[in-house]
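Note sheet for the following structure.
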Amino acid sequence: MPGGVAAAAAGAGYSGSVKLKYVKLGYQYLVNHFLTLLLVPYLVNHFLTLLLVPVMAATALELARMGPGELLSLWRSLQLDLVHILCSAFLVVFVGTVYFMSRPRPVYLVDYSCYKPPPSCRVPFATFMEHTRLITDDEKSVRFQTRILERSGLGEETCLPPANHYIPPNPSMEASRAEAQLVIFSAIDDLVRRTGLKPKDIDILVVNCSLFSPTPSLSAMIINKYKLRSNIRSFNLSGMGCSAGLISLDLARDMLQVHPNSNALVVSTEIITPNFYWGTRRDMMLPNCLFRMGAAAILLSNRRREARRAKYRLMHVVRTHKGADDRAYRCVYEEEDEQGHSGISLSKELMAIAGDALKSNITTIGPLVLPMSEQLLFFFRLVGRKLINKKWKPYIPDFKLAFEHFCIHAGGRAVIDELQKNLDLSAQHVEASRMTLHRFGNTSSSSLWYELAYIEAKGRMRRGDRVWQIGFGSGFKCNSAVWKCLRTVKAPTGGPWDDCIHRYPVDIPEVVKL
């Protein structure tokens with residue numbers, strides 16, 4: 001959950017050294033995709049099969065009308081070699097088999113839905129600080145949380161679950177389950193309404209929630225609620241931080257590659273109720289200030305007929321995991337403080353670790369998405385630094401040439417600021433991230449979908465546009481997903497922004513005095 005909170009200044013590390021192994025990994029991905037695309041025009045496909053069947057039938061019918069003498073004469077005139085015929089037939093069958101077994105199935109995003117909290121759950125700054133003063137008598141903690149809120153980039157309409165409105169909060173198992181049912185079922189119900197999805201049509205279910213992992217699992221809770229099939233392939237991911245939404249996508253994509261004609265339901269959320277921190281350690285107070293309730297439900301499919309109504313096609317998922325490094329593993333760590341209060345501690349080294357993870361991720365994804373001109377400039381500068389002069393500054397590719405839209409995890413203002421600076425993005429490129437943080441707060445893994453919904457609600461999504469989703473998570477992880485828009489999305493979309501999109505974008509001051 002809190003991996004995205006303190007990924008502040010994550011982009012800063014990209015201007016440092018670039019490791020050649022990540023460039024190599026990116027080009028390996030590129031070669032795999034290139035070979036697949038190269039073989040497509042020359043191999044047998046379904047269209048050719050349907051075209052050749054009537055021709056072969058007509059030829060067989062004509063041969064059946066000929067007498068034995070005529071067939072023998074035809075055979076001799078063609079001078080056919082039986083061995084050549086068998087070899088040619090074997091080659092055609094072999095090439096066709098390799099093609100059909102190796103080509104990836106397209107994965108379509110049919111539609112998605114984001115949970116919109118009711119007005120009764122809103123927590124204005126004044127309410128939050130009043131509750132904080134009533135809960136704790138430590139004035140230093142109150143002043144620290146005030147400073148965090150003033151600089152957070154959050155607005156006055158963010159929401160906390162009902163249990164957190166009690167004084168003191170009520171982080172019970174019952175209240176936690178109630179929040180999970182509220183946000184998850186509401187998002188799925190809306191998705192069902194938008195797509196006409198029936199429970200029997202769901203073949204794969206993937207749920208991610210980092211810090212709330214009850215028994216039975218959240219995926220079992222969904223199966224019970226919607227009476228899903230007994231042979232459904234269900235997965236429940238926990239402990240994977242704010243980037244877990246993209247990990248769920250990757251898992252669903254892999255499942256759709258091996259299970260044809262299937263639908264996958266992905267649910268991303270974070271349950272806030274059980275994760276309130278009662279202590280006074282500053283490195284464990286940030287989640288209280290920044291995290292808010294939210295959830296997203298996404299319908300993926302590999303069915304060809306869904307391409308007609310799908311919004312997007314999934315092009316790439318690139319995952320970077322730094323967990324082999326002890327510092328990265330412990331930089332976002334759930335533990336108890338000196339008084340026994342459980343919470344998430346954030347290491348002082350987190351910024352450097354996040355920057356290294358980001359650098360590795362975008363170095364790997366570059367060869368997959370950047371135009372050749374940018375790749376050559378990047379590669380020659382990289383080789384020059386290795387062989388000629390190490391003091392040369394690395395060339396930072398212009399990712400604006402590869403994407404029309406950017407969805408940067410709304411983990412905090414500093415995350416967005418640093419990525420905007422280091423990727424040289426315009427204010428409009430990061431507008432969706434800033435406005436999502438202002439309106440909904442940090443909703444953890446689901447924040448990327450609120451950002452995508454913002455772009456759609458503004459009427460900016462056009463057919464052919466490319467979208468880059470990027471998120472950070474504990475472990476430490478940096479993950480990216482690339483989408484291509486299949487049809488122009490017209491506003492209004494019926495999403496979480498419909499009642500307030502006319503007020504956005506808003507000006508967000510550096511400091512809001514409370």
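Just so you know, glycine gets a Cβ as well, placed from its N, Cα and C.
Now, the feature entries from TrEMBL:
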type	residues	note
TRANSMEM	39-61	transmembrane segment
TRANSMEM	82-102	transmembrane segment
DOMAIN	99-387	domain 'FAE'
ACT_SITE	Cys242	active site
ACT_SITE	His321	active site
DOMAIN	404-484	domain 'Beta-ketoacyl-[acyl-carrier-protein] synthase III C-terminal'
ACT_SITE	His405	active site
ACT_SITE	His409	active site
ACT_SITE	His438	active site
ACT_SITE	Asn442	active site
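TrEMBL feature annotations superimposed on the structure.
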residue: Cys242; record: active site; Cβ neighbours (10 Å): 34
residue: His321; record: active site; Cβ neighbours (10 Å): 20
residue: His405; record: active site; Cβ neighbours (10 Å): 23
residue: His409; record: active site; Cβ neighbours (10 Å): 35
residue: His438; record: active site; Cβ neighbours (10 Å): 21
residue: Asn442; record: active site; Cβ neighbours (10 Å): 30
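For Asn442 (active site), the active-site residues whose C-alpha atoms fall inside a 10 Å radius of its own C-alpha are Cys242, His409, out of Cys242, His321, His405, His409.
Checked against His409 (active site) by C-alpha proximity, the active-site residues Cys242, His321, His438 yield Cys242 as the nearest. The separation of His321 (active site) from His438 (active site), Cα to Cα, is 29 Å.
Model confidence over the domain 'Beta-ketoacyl-[acyl-carrier-protein] synthase III C-terminal' (404-484) stands at 95, taken as the mean pLDDT rounded to a whole number. Distance between Cα atoms for Cys242 (active site) and His405 (active site): 20 Å, as a whole number.
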